[in-house]
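In what follows, a single structure is set out as structure tokens and then discussed.
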Amino acid sequence: PHDGPSIQQVLVELTNQRTVPNVFVNGKHIGGCDATYKAYENGTLQKLLGNVKDAETYDYDLIIIGGGSGGLACSKEAATLGKKVMVLDYVVPTPLGTTWGLGGTCVNVGCIPKKLMHQAALLGQALKDSRAYGWQYEEQVKHNWETMVEAVQNYIGSLNWGYRLSLREKSVTYQNSYGEFVEPHKVKATNRKGQVTYHTAETFVLATGERPRYLGIPGDKEYCITSDDLFSLPYCPGKTLVVGASYVALECAGFLAGLGLDVTVMVRSILLRGFDQEMAEKIGAHMETHGVTFIRKFVPTQVERLEDGTPGRLKVTAKCTEGPEIFEGEYNTVLLAIGRDACTRNIGLQTIGVKINEKNGKVPVNDEEQTNVPYVYAIGDILDGKLELTPVAIQAGKLLARRLYGGSSTKCDYINVPTTVFTPLEYGSCGLAEEKAKEEYGEQNLEVYHSLFWPLEWTIPGRDNNTCYAKIICNKLDSVSSKPKCVCSVYS
């Protein structure tokens, strides 16, 4: 037909599919030939065609297990598209009893309080710098931990309430209950009082996220805290040992030191595993220059309580990873930040046959976030081999709902996503670390550009000249490649 090109353009915009056939059934986009055959194999096509006799009626179109960034985004998008949706979210208390409201790690015990406490530390530095800019003040400046925590928790509380209100406005059913599969298409929901209800759905999305890992040594769960406890800690932690070299470890160590506390970081091997190691070492060197002590190549073997209190006094014993040396030290608080584990082992996945990576508990999925069980999908930090970033989980959740219920075929792009580490000297990066770039393209094919710089606002107080650093790693074969790739690591 004469209007064929315009029709094809509309189809491309709607489905992001340029090939034919472009199959729709009762208004739902299926895809091409392969996707249609796959839909036939898993029974989706028959349901859409109405050929399934006595098809089971479910309580909900979609149940999402996990009320974090990804789960909430997916639930609201699906509800907007006219589906009946339920969200199950339950926070298992930490060993110290800490719990929180709707919104997941990022909002309650992650990005949001971390950035606010990082800002508190930056303000302390700004106070010191301000005298060089002409500010005069006589009062002795000191930080009040309780005031900061109260302000941060009040803000988080407003976000928790906002999420609940948003779900209600979109007619999403929310239960503060622990979800666990008991049979195909059916979950058991247990609330904090132990009351149990059962719910069925045609489709499920796993968005359970991760929780901090413990060391498995005497005294770790009894006397140590994690980032799950730190942001609502009702007293100043005092002299603190941070165990680990993850971005969580260095960020927390950084803002605690910025607030004026005595902070030591105990590192088993390298800083910021998975990040560009030149950048990681620059971050460590800057933190050492600004008062953070690093103990390298040691791991704790025991934590003992010497004295009760808020904070109390703890004794830490550690062993060297490369020799017979033993370290002993006394601290008020020990913060564990050695990594996080996926919350997938206790939600009944084995009951319905969903496979997980037994080594890390993460869920393998295809490029549409579908597990090996066709009616179960997964998004966010629990995905095997994907990025653990809040904006990525939000994007994946929205796009998944649109594919399931909106006729879209757009998939989440996990490549070249920018990320930031909020250490005292902030580190932003996008793409491959230099080590990974060498591994993928070969060192001989890389061109690396470097630059040291001095931020203008640091010139008047005269601090940290030639400390900020930028690096761009380019693939020399880009000029003949149809898909140029580079990594831009910015340290500032």
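In case you wondered, yes, glycine gets a Cβ from its N, Cα and C as well.
What you see is a predicted model, and the numbers here were worked out from it, not measured in a lab.
Mean pLDDT of the predicted structure over the domain 'Glutaredoxin' (5-30): 77. Annotation comment: TrEMBL describes 5-30 as domain 'Glutaredoxin'.
The domain 'FAD/NAD(P)-binding' feature in TrEMBL is assigned to 60-397.
Taken from TrEMBL, the feature disulfide bond applies to Cys106-Cys111.
What TrEMBL records for Lys115, Gly179, Asp381 is FAD binding site. Taking Cβ-Cβ distances under 8 Å and a sequence gap of 6 or more within the same chain, the neighbours of Gly179 (FAD binding site) are Ile63, Ile65, Leu88, Tyr90, Val187, Lys188, Ala189, Ile347.
Within the same chain, the residues at least 6 positions away from Gly339 (NAD(+) binding site) whose Cβ sits under 8 Å from its Cβ are Pro212, Arg213, Gly244, Ser246, listed in sequence order. The annotation NAD(+) binding site is assigned in TrEMBL to Gly244, Ala245, Ser246, Tyr247, Val248, Ala249, Leu250, Glu251, Gly339.
Taken from TrEMBL, the feature domain 'Pyridine nucleotide-disulphide oxidoreductase dimerisation' applies to 417-476.
Between the alpha carbons (Cα) of Cys106 (disulfide bond) and Lys115 (FAD binding site) lies a span of roughly 10 Å.
Each residue contributes its Cα atom, and for Val248 (NAD(+) binding site) and Cys111 (disulfide bond) those atoms are 10 Å apart. Counting only same-chain residues six or more apart in sequence, the Cβ atoms lying under 8 angstroms from the Cβ of Lys115 (FAD binding site) belong to Phe422. If you take the C-beta of Leu250 (NAD(+) binding site) and look for same-chain residues 6 or more apart in sequence within under 8 angstroms, you find Val265, Leu271, Leu272, Ile283, Gly284, Met287, Val421, Thr423.
All chains included, 25 other C-beta atoms sit within 10 angstroms of the C-beta of Gly244 (NAD(+) binding site).
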